[in-house]
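Features as listed in TrEMBL:
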REGION    1-20  region 'Disordered'
COMPBIAS  8-20  compositional bias 'Basic and acidic residues'
REPEAT    14-47  repeat 'TPR'
REPEAT    48-81  repeat 'TPR'
REPEAT    82-115  repeat 'TPR'
Amino acid sequence: SSPNCLSDEQRAEAEQLKTEGNEQMKVENYSAAVEFYSQAIALNSQNAVYYCNRAAALSKLGNYAGAVQDCEQAINIDPKYSKAYGRMGLALASLNKHTEAVGYYKKALELDPDNDTYKSNLKIAEDKMDTSSPTAGMGGVDLAGLLSNPGFMNMVSSTNGRWQSSQRPLVWSLITRWRVMSALWRSCLSCRGQQFAQQMQQNNPELIEQLRSQMRNRTPSAGNEDQP
């Protein structure tokens, strides 16, 4: 519902439903909390807090994909809502998407620089990003994450993207090599596979650094604490 069309009674009812959801979260009745937050959203679909709170409940239930969707909605409504970025980071980290989680934690810290939880979660995500990918031997470049990122792939293929035409063959060459290396890693974590990763680093150091830079500098396209 449009907030401009809501009566005072509807706003109050939505807030009461949110409060009921918060109470259910305190007693770890997460399914009931989701239901209360959903009812609040049905009354007022333009309140970022309701989506963000429901994301927290969904994460507790293990529905991380649903939590990501709710965080995205909260961010769309209120791009300055730091908690939505933090909870997005938590959900993505739970999906082992640590590279993406890092980006959202950094955005959360931009908006709330003194939040120790965001700082701690960012450090954990960065550490896991360096060790969880089969391309960790390439200095922590998560090519798997990059190749599954539509924004990155569009940038590579688009004539209006940041990549110059002369660079695209190198990118696609790297992608092809990554696919071969990924197959090697799936078969066994052998010394030979690690040498292959090191060879890629040696053969394309400038391109690897460009990819690292892209990952460090990208911003979210559009997070453990009490519910507001």
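The backbone N, Cα and C atoms fix where each Cβ goes, glycine too.
What TrEMBL says about a protein is an automatic prediction, not a curated fact.
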Overall pLDDT of the repeat 'TPR' (14-47), taken as the mean: 97
Contacting positions for the compositional bias 'Basic and acidic residues' (8-20) when only residues 6+ beyond its ends and CB under 8 Å are counted: 1, 36-37, 39-40, 43-44, 47, 49-50, 53, 227
Structural state census, the repeat 'TPR' (48-81) (DSSP three-state): 27 helix, 0 strand, 7 coil
Secondary structure content of the repeat 'TPR' (82-115), with strand meaning DSSP E or B: 27 helix, 0 strand, 7 coil
Secondary structure content of the repeat 'TPR' (14-47), with strand meaning DSSP E or B: 27 helix, 0 strand, 7 coil
